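J.: Got a structure here, written out as structure tokens. Questions coming.
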Amino acid sequence: MAALDGLPTLRDVITRHGLDARKALGQNFLLDLNLTQKVARTAGNLEGATVFEVGPGPGGLTRAILALGARKVIAVERDPRCLPALAEIADHYPGRLEVIEGDALKTDFESLVPDDGPVKIIANLPYNVGTQLLVNWLLPNRWPPFWQSLTLMFQKEVGQRITAVEGDNHYGRLGVLCGWRTEAQRAFDVPPEAFTPPPKVTSSVVHLVPRAAPIACDPQKLEKVTQAAFGQRRKMLRQSVKSLGGEALLNRAGIDPARRAETLSVEEFCRLAAEI
Ligand code: SAM
């Protein structure tokens, strides 16, 4: 049976194009178009938006984004086997899907930004490169960034680290970076059996919007303090940040040296970063 957008079912696409999933490319495909629509809808209204997608694969999420009215999708896919399947979608939506064959980690997304309209990033990310891509998008040359929102599928555990705040078990370097520059929410979880093939763990869709005016802070210094503090997360800060100035540094920042990394707010980490 054909899918609602008039294109063949994703199972049919995968069979016809021989897209057996490759583990090395983090290929766990979403074949349920209701679910891909739910992911795309998490990004809010797509009318008039340009969407950057990483790893469209056979195109399930791409189709949902286009069906929901995105003006254009620019998708970066590393696996050349997927290109003929994506060309069928491009034919179905003339002028609205551009596919770039390549490695998203080496792609200069900022150079692809159109002259007008918002850019949203939506992706069911390959697990091996997802966190690095997120960090790259959080540390562009200028802020506010070129994107209006990030709607991304991660392993649930990574989603928990992205959205963690002080006091949470999952709070760490990633939570501080995300909390500093964005408001991040875990939108919903997706069980392994929703994917083909199923991964070992549950996944989560995370939605991040940039803070208009994050606390002024040098990202490299912030990285240094969080690396030291969370590198020895069970120790008191006077010990864990010893190499950066220890007790004297903490006193300058007005932070009790007997505290531990996981109790510090983003604002306190920024204060520490300003003192090194
Ligand atoms: N979007 C599809 C879906 O939701 O069914 C596929 C998602 S699958 C988890 C990840 C996709 O990313 C695969 O199509 C894989 O080939 C692609 N990929 C893996 N590494 C990549 C990279 N470095 N750059 C671009 N695409 C990559």
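Each Cβ is built from the backbone N, Cα and C atoms, and glycine gets one as well.
Where the annotation comes from TrEMBL, it is an automatic prediction and has not been curated.
For Asn28, Leu30, Gly55, Glu77, Asp103, Asn124, the entry in TrEMBL reads S-adenosyl-L-methionine binding site. Annotation source TrEMBL lists domain 'Ribosomal RNA adenine methylase transferase N-terminal' at 35-212.
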J.: Give me the mean pLDDT over the domain 'Ribosomal RNA adenine methylase transferase N-terminal' (35-212), rounded to a whole number.
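T.: Taking every residue in the domain 'Ribosomal RNA adenine methylase transferase N-terminal' (35-212) and averaging pLDDT yields 97.
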J.: Enumerate same-chain residues with a sequence separation of six or more from Glu77 (S-adenosyl-L-methionine binding site) and a Cβ-Cβ distance below 8 A; give 'none' if the list is empty.
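T.: The list for Glu77 (S-adenosyl-L-methionine binding site) reads Gly55, Pro56, Gly57, Leu83, Leu86, Val99, Ile100, Glu101, Gly102, given in order along the sequence.
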J.: Among Asn28, Leu30, Gly55, Glu77, Asp103, Asn124, the annotated S-adenosyl-L-methionine contacts, find the widest CA pair distance and round it to a whole Å.
T.: 21
J.: So if I draw a 10 Å sphere around the Cβ of Asp103 (S-adenosyl-L-methionine binding site), how many other Cβ atoms end up inside it?
T.: 12
J.: Applying a 10 Å Cβ distance cut-off over all chains shown, what neighbour count does Asn28 (S-adenosyl-L-methionine binding site) have?
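T.: Its Cβ shell of radius 10 Å holds 20 other Cβ atoms.
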J.: Residues with Cβ closer than 8 Å to the Cβ of Asn124 (S-adenosyl-L-methionine binding site), same chain and 6+ apart in sequence?
T.: Asn28, Leu30, Val39, Gly55, Gly57, Leu61, Met153
